[in-house]
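Asker: Per TrEMBL, the feature domain 'G-protein coupled receptors family 1 profile' maps to 48-306. Residues or ranges marked as transmembrane segment by TrEMBL: 36-56, 68-91, 111-129, 149-174, 194-222, 249-274, 286-306.
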Amino acid sequence: MNSSSPFLNSSNSSALPSFFYSSSGLLFVYNAFSLYTQPLIIVLGTIGCVLNIVILTQKPLCSSSCAFYFRCVSINDLFVIYFIALLQWLSDQYEIDPTTYSQFYCKTQNYFVFIFYTLGRYFTVLACADRFCTSSPNSRLRKVAKLQIAYYSTALTVIINLIVYSHVLLNYTIISVPSSFGSVCTPGSTMRDYQFSALFVLIYLCFLPPALMCLFCLLTIWNIIQQGQRVTSIGDTSSIRRRKREQELVKMLFVFVITNLLFTLPYACVYLYVIYNPYLPIEFRYTLNLCHLIVNFNSASSFYVYTMSTRGYRNEVLKMIEKVKTIIQFRR
């Protein structure tokens, strides 16, 4: 082990990262919050994601490239719920945490945690870009918003993220610390490793996706304004109806982007704090865990955001309920 590691310097224990200390009061509050919120995330999130996938595979949404990206977000959210939220809950409540004794699990678990958190955001970026292309007056850009292009874009996004986060498999390791925590899984054995990981997550996960979402949303709004002026001048009824349908899908996306930003902001602030304050107080450990909980809420909220934000999606939900009722009555 690197003798220069701050984690091993027992004489400088006040400078250790927060998760190497204990605080019974904060731990009790966090565990109580986790005890009740994580099962809620798992149950409501699973129901919402499954309903999203079912609704978005129905006609006419199944042929929409934007709806395909929404389906990808919901599928990824299921991975977040069961690979991150569930495991975090088991670790919090039952102290089931293989990352403290298995190097393989330490590396792979963090690798996929970052990938699943990241994929959902970049799938949303692709949906925003799709709406921008669909609303563009440029015919070439409109041709980009096709289902086949969406397949390729999604596959490429997955491959890129698998490669980009490969450093996690190399850097993450288990180290022993001079405290009651025993062993912990960290981004490396030095503070420089820890700061590099925090900076990377801040830029690639917390800053870049929201920036791209906002950029494409603003460009889409501009296209819609320009499109609305042309449609009004032409007075084409079919064009007006088509524009309203597109605007409803855009509205659903915009509201989801806003909630995404709100849930991600605390996570970004914590990692920004880590970069400039590598030696942290005890409260930081539970602050970071709490931010993970907030991010997990984002993965459980998409169905409810879609339903509350647009009448068209509510109508699709009602249609699905009517179909289920018809099937049940027919079987009786």
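Here the Cβ of each residue, glycine as well, is placed from N, Cα and C on the backbone.
As the structure is a computational prediction, the values presented were derived from the model and not from experiment.
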Asker: Taking residues 6+ outside the transmembrane segment (36-56), which of them lie with a CB under 8 Å of any CB in it?
Answerer: 62, 67-68, 70-71, 74-75, 77-78, 81-82, 85-86, 88-89, 92, 293, 296-297, 299-304, 306, 313, 316-317, 320
Asker: What parts of the chain pack near the transmembrane segment (194-222), using Cβ distances under 8 Å and only residues at least 6 beyond its ends?
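Answerer: Cβ under 8 Å, 6 or more out: 17, 114, 117-118, 121-122, 124-125, 128-129, 131-132, 135, 164, 167-168, 171, 186-188, 250, 253-254, 257, 260-261, 264, 267-268, 271-272, 274-275, 278.
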Asker: Go through the chain and flag residues at least 6 beyond the ends of the transmembrane segment (286-306) whose CB is under 8 A from any CB in it; none is fine as an answer.
Answerer: 18-19, 23, 26-27, 29-30, 33-34, 37-38, 40-42, 44-45, 47-49, 51-52, 70, 73-74, 76-77, 80-81, 84-85, 88, 92, 117, 120, 252, 255-256, 259-260, 263-264, 266-267, 270, 313
